[in-house]
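The transit peptide annotation in Swiss-Prot covers 1-19 and rests on sequence analysis. For 53, 54, 366, 428, 431 (among others), the entry in Swiss-Prot reads N6-acetyllysine, with the evidence type a large-scale study or a structure entry. The N6-succinyllysine annotation in Swiss-Prot covers 54, 83, 366, 385, 401, 416, 428. Summarising the annotation, Swiss-Prot assigns site 'Transition state stabilizer' to 188 and lists similarity to another entry as the type of evidence. Residues or ranges marked as NAD(+) binding site by Swiss-Prot: 264, 265, 266, 267, 268, 269. Taken from Swiss-Prot, the feature active site, proton acceptor covers 287. Per Swiss-Prot, active site, nucleophile is recorded for 321, and the stated evidence type is sequence analysis.
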(Lines of atoms letter the chains of each structure in order from A; the text may use other names.)
(Lines give C-alpha, C1' and ligand atoms only; values in the text may rest on other atoms or scores of the structure.)
Protein backbone atom coordinates (compact mmCIF):
# COMPACT_ATOMS: atom_id res chain seq x y z
CA UNK A 1 0.00 0.00 0.00
CA UNK A 2 1.29 3.47 -0.91
CA UNK A 3 0.74 5.86 1.97
CA UNK A 4 2.05 9.26 2.90
CA UNK A 5 1.81 11.41 6.01
CA UNK A 6 1.11 15.10 5.92
CA UNK A 7 3.11 17.98 7.31
CA UNK A 8 6.20 16.09 8.40
CA UNK A 9 9.33 18.03 9.30
CA UNK A 10 11.54 18.98 6.39
CA UNK A 11 14.38 16.97 7.90
CA UNK A 12 12.40 13.77 7.48
CA UNK A 13 11.84 14.58 3.81
CA UNK A 14 15.54 15.20 3.32
CA UNK A 15 16.38 11.88 4.95
CA UNK A 16 14.01 10.11 2.57
CA UNK A 17 15.74 11.60 -0.45
CA UNK A 18 19.38 11.21 0.48
CA UNK A 19 19.11 7.45 1.01
CA UNK A 20 17.26 6.66 -2.21
CA UNK A 21 20.04 6.35 -4.78
CA UNK A 22 21.12 2.95 -6.03
CA UNK A 23 24.83 2.66 -6.69
CA UNK A 24 24.30 -0.48 -8.76
CA UNK A 25 22.39 1.11 -11.63
CA UNK A 26 22.18 4.35 -13.56
CA UNK A 27 18.51 4.71 -12.67
CA UNK A 28 18.13 5.30 -8.92
CA UNK A 29 15.64 3.44 -6.79
CA UNK A 30 12.39 5.36 -6.32
CA UNK A 31 10.87 6.26 -2.97
CA UNK A 32 7.57 4.32 -2.99
CA UNK A 33 6.27 6.22 0.05
CA UNK A 34 7.55 9.80 -0.33
CA UNK A 35 6.73 11.94 2.68
CA UNK A 36 4.35 14.81 1.97
CA UNK A 37 5.94 17.98 3.29
CA UNK A 38 3.55 20.68 2.04
CA UNK A 39 -0.22 20.82 1.66
CA UNK A 40 -1.03 24.52 2.06
CA UNK A 41 -1.19 27.55 -0.22
CA UNK A 42 2.10 29.31 -0.96
CA UNK A 43 1.53 33.07 -0.84
CA UNK A 44 4.20 35.72 -0.29
CA UNK A 45 6.80 33.02 0.53
CA UNK A 46 4.64 31.73 3.39
CA UNK A 47 2.34 28.73 3.85
CA UNK A 48 -1.34 29.48 4.44
CA UNK A 49 -4.56 27.59 5.02
CA UNK A 50 -7.33 28.55 2.63
CA UNK A 51 -9.37 31.51 3.84
CA UNK A 52 -12.39 29.18 3.91
CA UNK A 53 -10.36 26.53 5.79
CA UNK A 54 -11.56 24.01 3.19
CA UNK A 55 -9.39 21.15 1.96
CA UNK A 56 -9.75 18.55 -0.78
CA UNK A 57 -8.30 15.04 -1.19
CA UNK A 58 -5.53 14.11 -3.58
CA UNK A 59 -5.73 10.48 -4.67
CA UNK A 60 -3.14 7.87 -5.57
CA UNK A 61 -4.33 6.63 -8.99
CA UNK A 62 -2.44 3.35 -8.58
CA UNK A 63 -4.67 2.32 -5.67
CA UNK A 64 -7.57 4.77 -5.70
CA UNK A 65 -6.76 5.65 -2.08
CA UNK A 66 -6.46 9.14 -0.64
CA UNK A 67 -2.86 10.29 -0.14
CA UNK A 68 -3.82 13.31 1.93
CA UNK A 69 -5.75 16.58 1.94
CA UNK A 70 -4.65 19.89 0.44
CA UNK A 71 -5.86 23.45 1.02
CA UNK A 72 -8.73 24.37 -1.31
CA UNK A 73 -8.06 27.89 -2.49
CA UNK A 74 -10.78 30.02 -4.05
CA UNK A 75 -11.42 33.65 -5.03
CA UNK A 76 -10.47 35.05 -1.63
CA UNK A 77 -7.11 33.27 -1.72
CA UNK A 78 -6.48 34.37 -5.30
CA UNK A 79 -7.09 37.96 -4.19
CA UNK A 80 -4.42 37.60 -1.51
CA UNK A 81 -1.98 36.03 -3.95
CA UNK A 82 -2.55 38.74 -6.57
CA UNK A 83 -2.05 41.41 -3.92
CA UNK A 84 1.28 39.83 -2.94
CA UNK A 85 2.34 39.54 -6.58
CA UNK A 86 1.39 43.17 -7.27
CA UNK A 87 3.39 44.37 -4.28
CA UNK A 88 6.40 42.35 -5.43
CA UNK A 89 6.08 43.99 -8.86
CA UNK A 90 5.81 47.60 -7.67
CA UNK A 91 8.40 50.11 -8.85
CA UNK A 92 11.38 50.11 -6.53
CA UNK A 93 10.70 46.63 -5.14
CA UNK A 94 13.66 44.26 -4.67
CA UNK A 95 12.43 42.21 -7.64
CA UNK A 96 12.03 45.20 -9.97
CA UNK A 97 15.46 46.57 -9.02
CA UNK A 98 17.20 43.22 -9.35
CA UNK A 99 19.73 42.88 -12.17
CA UNK A 100 18.59 40.64 -15.01
CA UNK A 101 21.70 38.54 -14.51
CA UNK A 102 20.68 38.01 -10.88
CA UNK A 103 17.28 36.73 -12.01
CA UNK A 104 19.20 34.25 -14.13
CA UNK A 105 21.32 33.24 -11.15
CA UNK A 106 18.18 32.55 -9.09
CA UNK A 107 16.74 30.38 -11.86
CA UNK A 108 19.99 28.43 -12.05
CA UNK A 109 19.92 28.04 -8.29
CA UNK A 110 16.38 26.68 -8.54
CA UNK A 111 17.57 24.19 -11.17
CA UNK A 112 20.35 23.12 -8.79
CA UNK A 113 17.81 22.45 -6.04
CA UNK A 114 15.55 20.46 -8.37
CA UNK A 115 18.59 18.40 -9.36
CA UNK A 116 19.46 17.83 -5.70
CA UNK A 117 15.94 16.59 -4.95
CA UNK A 118 15.36 14.84 -8.27
CA UNK A 119 14.60 11.36 -6.91
CA UNK A 120 12.17 12.70 -4.33
CA UNK A 121 10.37 14.92 -6.87
CA UNK A 122 10.14 12.09 -9.40
CA UNK A 123 8.75 9.77 -6.72
CA UNK A 124 6.22 12.38 -5.64
CA UNK A 125 5.15 12.87 -9.25
CA UNK A 126 4.68 9.12 -9.71
CA UNK A 127 2.70 8.82 -6.48
CA UNK A 128 0.29 11.66 -7.29
CA UNK A 129 0.07 11.34 -11.09
CA UNK A 130 0.64 7.63 -11.72
CA UNK A 131 3.24 7.94 -14.46
CA UNK A 132 6.08 5.38 -14.40
CA UNK A 133 8.97 6.44 -12.20
CA UNK A 134 11.47 5.91 -15.00
CA UNK A 135 9.61 8.53 -17.06
CA UNK A 136 9.23 10.91 -14.12
CA UNK A 137 12.94 10.70 -13.34
CA UNK A 138 14.57 10.37 -16.76
CA UNK A 139 12.25 12.45 -18.95
CA UNK A 140 10.21 14.88 -16.85
CA UNK A 141 12.81 15.91 -14.30
CA UNK A 142 15.46 16.23 -16.99
CA UNK A 143 13.19 18.63 -18.89
CA UNK A 144 12.37 20.58 -15.72
CA UNK A 145 16.04 21.16 -14.92
CA UNK A 146 16.85 22.09 -18.50
CA UNK A 147 14.00 24.57 -18.87
CA UNK A 148 15.04 26.54 -15.78
CA UNK A 149 18.65 26.60 -16.95
CA UNK A 150 17.68 27.55 -20.51
CA UNK A 151 15.64 30.57 -19.49
CA UNK A 152 18.20 31.50 -16.85
CA UNK A 153 20.56 32.05 -19.75
CA UNK A 154 18.06 34.33 -21.49
CA UNK A 155 17.48 36.59 -18.48
CA UNK A 156 20.11 39.20 -19.41
CA UNK A 157 19.95 38.68 -23.18
CA UNK A 158 16.33 39.58 -23.93
CA UNK A 159 16.41 43.27 -24.69
CA UNK A 160 15.32 46.03 -27.02
CA UNK A 161 17.24 47.85 -29.72
CA UNK A 162 17.98 51.31 -31.06
CA UNK A 163 16.07 52.36 -34.17
CA UNK A 164 17.24 54.94 -36.76
CA UNK A 165 14.39 57.38 -37.38
CA UNK A 166 13.87 60.56 -39.34
CA UNK A 167 14.30 63.97 -37.75
CA UNK A 168 16.21 65.13 -34.71
CA UNK A 169 15.24 62.18 -32.55
CA UNK A 170 16.81 59.19 -30.85
CA UNK A 171 14.65 56.06 -30.50
CA UNK A 172 15.03 52.80 -28.62
CA UNK A 173 12.77 49.99 -27.44
CA UNK A 174 12.51 48.28 -24.07
CA UNK A 175 11.27 44.75 -23.43
CA UNK A 176 9.41 45.19 -20.15
CA UNK A 177 7.71 42.49 -18.07
CA UNK A 178 3.94 42.30 -18.52
CA UNK A 179 3.36 42.39 -14.75
CA UNK A 180 1.29 40.00 -12.66
CA UNK A 181 0.87 36.77 -14.63
CA UNK A 182 -1.81 34.23 -13.87
CA UNK A 183 -0.79 30.71 -14.85
CA UNK A 184 -3.02 27.63 -14.84
CA UNK A 185 -1.33 24.27 -15.41
CA UNK A 186 -2.65 20.75 -16.12
CA UNK A 187 -2.19 17.41 -14.41
CA UNK A 188 -0.50 15.37 -17.15
CA UNK A 189 3.01 16.83 -16.72
CA UNK A 190 2.78 18.78 -13.44
CA UNK A 191 6.43 19.73 -12.88
CA UNK A 192 7.19 20.14 -16.58
CA UNK A 193 4.24 22.45 -17.17
CA UNK A 194 5.11 24.41 -14.04
CA UNK A 195 8.61 24.92 -15.42
CA UNK A 196 7.42 25.83 -18.91
CA UNK A 197 5.41 28.67 -17.46
CA UNK A 198 7.46 29.85 -14.48
CA UNK A 199 10.85 29.97 -16.19
CA UNK A 200 10.13 32.48 -19.00
CA UNK A 201 7.90 34.58 -16.76
CA UNK A 202 10.59 34.92 -14.09
CA UNK A 203 13.45 35.35 -16.56
CA UNK A 204 11.70 38.41 -17.97
CA UNK A 205 10.91 39.91 -14.55
CA UNK A 206 7.22 39.15 -14.03
CA UNK A 207 5.50 37.99 -10.87
CA UNK A 208 3.24 34.94 -10.87
CA UNK A 209 0.04 33.57 -9.38
CA UNK A 210 -0.17 29.92 -10.42
CA UNK A 211 -3.14 27.59 -10.03
CA UNK A 212 -2.04 23.96 -10.17
CA UNK A 213 -4.25 21.03 -11.16
CA UNK A 214 -6.35 19.67 -8.33
CA UNK A 215 -5.49 16.09 -9.36
CA UNK A 216 -1.72 16.59 -8.92
CA UNK A 217 -0.87 19.38 -6.44
CA UNK A 218 1.93 17.78 -4.44
CA UNK A 219 5.03 18.24 -6.61
CA UNK A 220 4.14 21.85 -7.43
CA UNK A 221 3.85 22.68 -3.74
CA UNK A 222 7.20 21.10 -3.00
CA UNK A 223 8.77 23.11 -5.81
CA UNK A 224 7.34 26.24 -4.17
CA UNK A 225 9.52 25.48 -1.15
CA UNK A 226 12.55 25.33 -3.46
CA UNK A 227 11.63 28.71 -4.93
CA UNK A 228 11.85 30.19 -1.45
CA UNK A 229 15.07 28.31 -0.70
CA UNK A 230 16.61 29.58 -3.95
CA UNK A 231 16.14 33.16 -2.76
CA UNK A 232 13.28 34.56 -4.82
CA UNK A 233 11.77 37.56 -2.99
CA UNK A 234 8.36 37.25 -1.30
CA UNK A 235 5.39 37.58 -3.63
CA UNK A 236 7.29 36.82 -6.83
CA UNK A 237 5.79 33.32 -7.06
CA UNK A 238 2.50 32.32 -5.45
CA UNK A 239 1.02 28.82 -5.75
CA UNK A 240 -2.70 28.18 -5.30
CA UNK A 241 -4.26 24.72 -5.06
CA UNK A 242 -7.95 24.44 -5.83
CA UNK A 243 -10.53 23.83 -8.52
CA UNK A 244 -10.85 25.37 -11.96
CA UNK A 245 -14.38 26.82 -11.66
CA UNK A 246 -13.39 28.67 -8.48
CA UNK A 247 -9.67 29.39 -8.18
CA UNK A 248 -8.92 29.12 -11.91
CA UNK A 249 -11.86 31.30 -12.90
CA UNK A 250 -10.87 33.88 -10.29
CA UNK A 251 -7.45 34.25 -11.93
CA UNK A 252 -8.88 34.54 -15.44
CA UNK A 253 -11.43 37.14 -14.33
CA UNK A 254 -9.18 39.15 -12.01
CA UNK A 255 -8.91 42.84 -12.85
CA UNK A 256 -5.38 43.10 -11.42
CA UNK A 257 -3.90 40.18 -13.37
CA UNK A 258 -2.14 41.43 -16.50
CA UNK A 259 -1.78 38.13 -18.35
CA UNK A 260 -3.08 34.59 -18.12
CA UNK A 261 -1.37 31.50 -19.55
CA UNK A 262 -3.38 28.28 -19.62
CA UNK A 263 -2.63 24.71 -20.63
CA UNK A 264 -5.57 22.32 -20.75
CA UNK A 265 -8.67 21.43 -22.71
CA UNK A 266 -9.99 23.48 -25.62
CA UNK A 267 -13.34 23.76 -23.86
CA UNK A 268 -11.79 25.48 -20.83
CA UNK A 269 -9.58 27.53 -23.15
CA UNK A 270 -12.72 29.13 -24.57
CA UNK A 271 -13.79 30.06 -21.04
CA UNK A 272 -10.37 31.56 -20.24
CA UNK A 273 -10.41 33.67 -23.41
CA UNK A 274 -13.95 34.84 -22.66
CA UNK A 275 -13.10 35.75 -19.06
CA UNK A 276 -10.08 37.76 -20.19
CA UNK A 277 -12.20 39.66 -22.70
CA UNK A 278 -14.94 40.37 -20.18
CA UNK A 279 -12.53 41.62 -17.51
CA UNK A 280 -9.50 43.79 -18.31
CA UNK A 281 -8.51 42.39 -21.73
CA UNK A 282 -5.54 40.71 -20.11
CA UNK A 283 -2.99 39.11 -22.41
CA UNK A 284 -3.76 35.43 -23.08
CA UNK A 285 -1.72 32.45 -24.24
CA UNK A 286 -3.41 29.09 -24.61
CA UNK A 287 -1.94 25.62 -25.17
CA UNK A 288 -4.96 23.41 -25.69
CA UNK A 289 -6.10 20.05 -27.01
CA UNK A 290 -5.21 18.10 -30.10
CA UNK A 291 -6.12 15.23 -32.38
CA UNK A 292 -2.73 14.94 -34.00
CA UNK A 293 -2.16 12.79 -37.10
CA UNK A 294 0.73 10.38 -37.63
CA UNK A 295 1.00 9.61 -41.35
CA UNK A 296 2.90 6.52 -42.48
CA UNK A 297 3.79 6.28 -46.18
CA UNK A 298 4.50 2.99 -47.92
CA UNK A 299 8.22 3.76 -48.23
CA UNK A 300 8.69 4.34 -44.49
CA UNK A 301 10.93 2.19 -42.31
CA UNK A 302 8.17 -0.12 -41.07
CA UNK A 303 9.68 -1.16 -37.73
CA UNK A 304 10.67 2.39 -36.85
CA UNK A 305 7.27 3.80 -37.84
CA UNK A 306 5.42 1.20 -35.76
CA UNK A 307 7.59 1.98 -32.73
CA UNK A 308 7.24 5.74 -33.10
CA UNK A 309 3.48 5.69 -33.67
CA UNK A 310 3.10 3.40 -30.65
CA UNK A 311 4.98 5.77 -28.37
CA UNK A 312 3.28 8.78 -29.99
CA UNK A 313 -0.01 7.53 -28.61
CA UNK A 314 0.74 5.44 -25.51
CA UNK A 315 3.42 7.67 -23.96
CA UNK A 316 2.23 9.04 -20.60
CA UNK A 317 -0.80 6.70 -20.71
CA UNK A 318 -2.07 8.61 -23.74
CA UNK A 319 -2.47 11.70 -21.58
CA UNK A 320 -0.57 14.06 -23.83
CA UNK A 321 -1.98 17.09 -25.65
CA UNK A 322 0.10 16.33 -28.75
CA UNK A 323 -0.46 12.56 -28.70
CA UNK A 324 -0.48 10.94 -32.13
CA UNK A 325 -4.12 10.00 -31.77
CA UNK A 326 -4.91 9.42 -35.47
CA UNK A 327 -2.59 6.96 -37.20
CA UNK A 328 -3.00 7.10 -41.00
CA UNK A 329 -1.33 4.23 -42.89
CA UNK A 330 -0.97 3.89 -46.65
CA UNK A 331 -3.19 1.11 -47.97
CA UNK A 332 -0.44 -1.11 -49.39
CA UNK A 333 1.22 -1.56 -45.98
CA UNK A 334 -1.85 -1.19 -43.77
CA UNK A 335 -2.32 -4.88 -42.93
CA UNK A 336 1.30 -5.47 -41.90
CA UNK A 337 1.40 -2.21 -39.93
CA UNK A 338 -1.82 -3.12 -38.14
CA UNK A 339 -0.56 -6.56 -37.13
CA UNK A 340 2.72 -5.19 -35.80
CA UNK A 341 0.92 -2.39 -33.96
CA UNK A 342 -1.45 -4.77 -32.21
CA UNK A 343 1.39 -7.07 -31.18
CA UNK A 344 3.36 -4.15 -29.76
CA UNK A 345 0.36 -2.90 -27.79
CA UNK A 346 -0.19 -6.37 -26.33
CA UNK A 347 3.44 -6.49 -25.16
CA UNK A 348 3.31 -3.13 -23.34
CA UNK A 349 3.77 -3.67 -19.61
CA UNK A 350 1.05 -2.02 -17.56
CA UNK A 351 1.38 -2.01 -13.79
CA UNK A 352 2.82 -0.48 -10.65
CA UNK A 353 4.50 2.76 -11.77
CA UNK A 354 7.20 2.39 -9.10
CA UNK A 355 8.51 -0.79 -10.75
CA UNK A 356 11.36 0.23 -13.02
CA UNK A 357 10.28 -1.88 -15.99
CA UNK A 358 6.69 -0.57 -16.05
CA UNK A 359 5.82 1.18 -19.30
CA UNK A 360 2.28 2.31 -18.49
CA UNK A 361 0.75 3.31 -15.19
CA UNK A 362 -2.84 4.19 -14.29
CA UNK A 363 -4.91 7.03 -15.70
CA UNK A 364 -4.77 10.09 -13.48
CA UNK A 365 -8.16 9.72 -11.76
CA UNK A 366 -11.50 7.95 -11.80
CA UNK A 367 -13.17 10.59 -13.96
CA UNK A 368 -10.55 10.27 -16.70
CA UNK A 369 -10.58 6.48 -16.37
CA UNK A 370 -14.34 6.28 -16.89
CA UNK A 371 -14.25 8.82 -19.71
CA UNK A 372 -11.75 6.73 -21.68
CA UNK A 373 -13.70 3.50 -21.16
CA UNK A 374 -16.76 5.38 -22.40
CA UNK A 375 -14.96 6.30 -25.62
CA UNK A 376 -13.90 2.67 -26.10
CA UNK A 377 -17.52 1.54 -25.82
CA UNK A 378 -18.52 4.32 -28.21
CA UNK A 379 -15.92 3.23 -30.78
CA UNK A 380 -17.29 -0.31 -30.72
CA UNK A 381 -20.84 0.98 -31.05
CA UNK A 382 -19.88 3.14 -34.04
CA UNK A 383 -18.43 0.13 -35.85
CA UNK A 384 -14.67 0.44 -35.35
CA UNK A 385 -12.91 -2.91 -35.01
CA UNK A 386 -11.48 -3.49 -31.52
CA UNK A 387 -8.18 -5.30 -32.08
CA UNK A 388 -6.82 -5.46 -28.52
CA UNK A 389 -7.38 -4.06 -25.05
CA UNK A 390 -10.63 -2.22 -24.54
CA UNK A 391 -11.08 -2.87 -20.83
CA UNK A 392 -9.73 -2.08 -17.40
CA UNK A 393 -6.78 -4.00 -15.99
CA UNK A 394 -7.24 -5.37 -12.48
CA UNK A 395 -9.76 -4.36 -9.86
CA UNK A 396 -7.71 -1.70 -8.08
CA UNK A 397 -6.61 1.67 -9.39
CA UNK A 398 -7.35 3.26 -12.74
CA UNK A 399 -5.53 0.99 -15.20
CA UNK A 400 -6.67 0.49 -18.81
CA UNK A 401 -5.25 -2.08 -21.21
CA UNK A 402 -3.52 -0.58 -24.28
CA UNK A 403 -6.26 -0.41 -26.91
CA UNK A 404 -6.06 -0.44 -30.71
CA UNK A 405 -8.96 0.13 -33.11
CA UNK A 406 -8.78 -0.76 -36.80
CA UNK A 407 -10.91 0.34 -39.76
CA UNK A 408 -11.76 3.65 -38.09
CA UNK A 409 -13.77 6.10 -40.19
CA UNK A 410 -13.26 9.87 -40.11
CA UNK A 411 -16.83 10.58 -39.02
CA UNK A 412 -16.63 8.49 -35.85
CA UNK A 413 -16.35 10.36 -32.56
CA UNK A 414 -13.21 8.44 -31.60
CA UNK A 415 -11.70 9.89 -34.79
CA UNK A 416 -12.73 13.48 -34.04
CA UNK A 417 -12.67 13.97 -30.27
CA UNK A 418 -9.72 14.05 -27.90
CA UNK A 419 -9.80 10.82 -25.87
CA UNK A 420 -6.67 11.54 -23.81
CA UNK A 421 -5.99 7.91 -23.05
CA UNK A 422 -4.31 4.70 -24.31
CA UNK A 423 -6.53 4.27 -27.36
CA UNK A 424 -4.91 4.16 -30.83
CA UNK A 425 -7.25 4.45 -33.85
CA UNK A 426 -5.84 3.27 -37.23
CA UNK A 427 -6.98 4.73 -40.55
CA UNK A 428 -6.28 3.62 -44.12
CA UNK A 429 -5.47 6.01 -47.00
CA UNK A 430 -4.60 5.71 -50.70
CA UNK A 431 -3.23 9.05 -51.91
CA UNK A 432 -1.12 11.87 -50.46
CA UNK A 433 -3.57 14.67 -51.22
CA UNK A 434 -6.35 12.61 -49.68
CA UNK A 435 -4.53 12.04 -46.39
CA UNK A 436 -3.46 15.68 -46.13
CA UNK A 437 -7.07 16.79 -46.49
CA UNK A 438 -8.22 14.25 -43.91
CA UNK A 439 -5.41 15.07 -41.48
CA UNK A 440 -6.29 18.77 -41.65
CA UNK A 441 -10.03 18.15 -41.33
CA UNK A 442 -10.13 18.84 -37.59
CA UNK A 443 -10.67 21.80 -35.32
CA UNK A 444 -7.28 21.07 -33.76
CA UNK A 445 -3.79 21.85 -35.01
CA UNK A 446 -1.23 21.13 -32.33
CA UNK A 447 1.12 18.58 -33.90
CA UNK A 448 1.55 16.11 -36.75
CA UNK A 449 4.09 13.61 -38.03
CA UNK A 450 5.00 11.96 -41.31
CA UNK A 451 7.09 8.83 -41.82
CA UNK A 452 8.80 8.47 -45.20
CA UNK A 453 12.22 7.97 -46.77
CA UNK A 454 11.39 10.48 -49.51
CA UNK A 455 12.75 13.93 -48.61
CA UNK A 456 10.61 15.72 -51.20
CA UNK A 457 7.44 14.17 -49.79
CA UNK A 458 8.54 14.96 -46.24
CA UNK A 459 9.07 18.63 -47.02
CA UNK A 460 5.74 18.81 -48.84
CA UNK A 461 3.96 17.42 -45.78
CA UNK A 462 5.67 19.91 -43.45
CA UNK A 463 4.25 22.71 -45.59
CA UNK A 464 0.78 21.23 -46.05
CA UNK A 465 -0.09 20.05 -42.54
CA UNK A 466 -1.88 22.60 -40.37
CA UNK A 467 -0.07 22.14 -37.07
CA UNK A 468 2.22 24.10 -34.79
CA UNK A 469 4.78 21.28 -34.81
CA UNK A 470 5.46 18.78 -37.59
CA UNK A 471 7.83 15.88 -36.95
CA UNK A 472 9.49 13.88 -39.72
CA UNK A 473 10.39 10.24 -38.94
CA UNK A 474 10.09 10.90 -35.21
CA UNK A 475 7.52 11.98 -32.62
CA UNK A 476 7.20 13.85 -29.32
CA UNK A 477 10.53 15.64 -29.67
CA UNK A 478 9.82 18.75 -27.60
CA UNK A 479 12.68 20.65 -25.98
CA UNK A 480 13.09 23.94 -24.19
CA UNK A 481 14.96 25.37 -27.19
CA UNK A 482 12.10 25.18 -29.69
CA UNK A 483 8.71 26.95 -29.74
CA UNK A 484 5.62 24.87 -29.01
CA UNK A 485 2.00 25.77 -29.61
CA UNK A 486 -0.99 25.18 -31.83
CA UNK A 487 -2.96 26.27 -34.86
CA UNK A 488 -6.74 26.68 -34.84
CA UNK A 489 -8.47 25.56 -31.63
CA UNK A 490 -5.27 24.08 -30.22
CA UNK A 491 -4.47 27.51 -28.85
CA UNK A 492 -2.58 30.70 -29.51
CA UNK A 493 0.88 31.97 -28.66
CA UNK A 494 4.00 29.89 -28.20
CA UNK A 495 5.84 28.46 -25.22
CA UNK A 496 9.55 27.61 -25.02
CA UNK A 497 12.43 28.88 -27.10
CA UNK A 498 13.01 32.53 -27.88
CA UNK A 499 9.37 32.84 -28.95
CA UNK A 500 8.28 31.85 -25.45
CA UNK A 501 9.77 35.05 -24.04
CA UNK A 502 7.60 37.29 -26.21
CA UNK A 503 4.46 36.24 -24.38
CA UNK A 504 5.82 37.64 -21.12
CA UNK A 505 7.06 41.05 -22.27
CA UNK A 506 5.60 44.28 -23.59
CA UNK A 507 7.58 46.30 -26.13
CA UNK A 508 7.85 49.97 -25.18
CA UNK A 509 9.03 52.54 -27.72
CA UNK A 510 11.01 55.47 -26.27
CA UNK A 511 11.65 58.53 -28.49
CA UNK A 512 13.88 61.38 -27.32
CA UNK A 513 14.25 64.83 -28.93
CA UNK A 514 17.92 65.64 -29.45
CA UNK A 515 19.38 69.06 -30.38
CA UNK A 516 21.44 67.66 -33.22
CA UNK A 517 21.55 64.17 -34.69
CA UNK A 518 24.72 62.67 -36.10
CA UNK A 519 25.33 59.21 -37.54
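The chain as shown is numbered from 1 upward.
Even glycines carry a Cβ here, placed using N, Cα and C.
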Check each residue in the chain of residue 188 (site 'Transition state stabilizer') that is at least six apart in sequence and keep those whose C-beta is under 8 Å from its C-beta; list them in sequence order.
129, 316, 319, 320, 321, 364
Pop the Cα-Cα gap between residue 431 (N6-acetyllysine) and residue 267 (NAD(+) binding site) into the table, whole Å please.
33
So if I draw a 10 Å sphere around the Cβ of residue 83 (N6-succinyllysine), how many other Cβ atoms end up inside it?
17
Nearest recorded site to residue 53 (N6-acetyllysine) by CA-CA distance, among recorded positions 83, 265, 401:
83
May I have the list of same-chain residues other than 264, 265, 266, 267, 268, 269 whose Cβ is within 8 Å of the Cβ centroid of the recorded NAD(+) site, in sequence order?
262, 270, 271, 272, 288, 289
Using a 10 Å radius around each Cβ and counting other Cβ atoms from all shown chains, which of the modified residues 53, 385, 416, 428, 431 yields the largest count?
428
Distance, the residue listed as 'active site, proton acceptor' to residue 264 (NAD(+) binding site) (CA atoms, angstrom):
7
Per-residue Cβ crowding (10 Å cut-off), top of recorded positions 267, 287:
287
Ranking the recorded positions 268, 321 by other Cβ atoms within 10 Å, which is at the bottom?
268
Per residue, counting other C-beta atoms within 10 angstroms of the C-beta, which of the binding-site residues 265, 266 reaches the highest number?
266
Given the recorded positions 265, 266, 268, 269, 287, state which is nearest to residue 401 (N6-succinyllysine) when distance is taken between Cα atoms.
265
In the chain carrying residue 366 (N6-succinyllysine), residues 6 or more apart in sequence that have Cβ under 8 angstroms from it:
59, 64, 398
Quick one: of the modified residues 416, 428, 431, which has its CA closest to the CA of residue 266 (NAD(+) binding site)?
416
From the recorded positions 265, 268, 287, pick the residue whose C-alpha lies nearest to the C-alpha of residue 54 (N6-succinyllysine).
268
Which residues in the same chain, at least 6 apart in sequence, have a Cβ under 8 Å from the Cβ of residue 269 (NAD(+) binding site)?
262, 286, 288, 289, 489, 491
For the residue listed as 'active site, nucleophile', name the DSSP secondary structure in the helix/strand/coil scheme.
coil
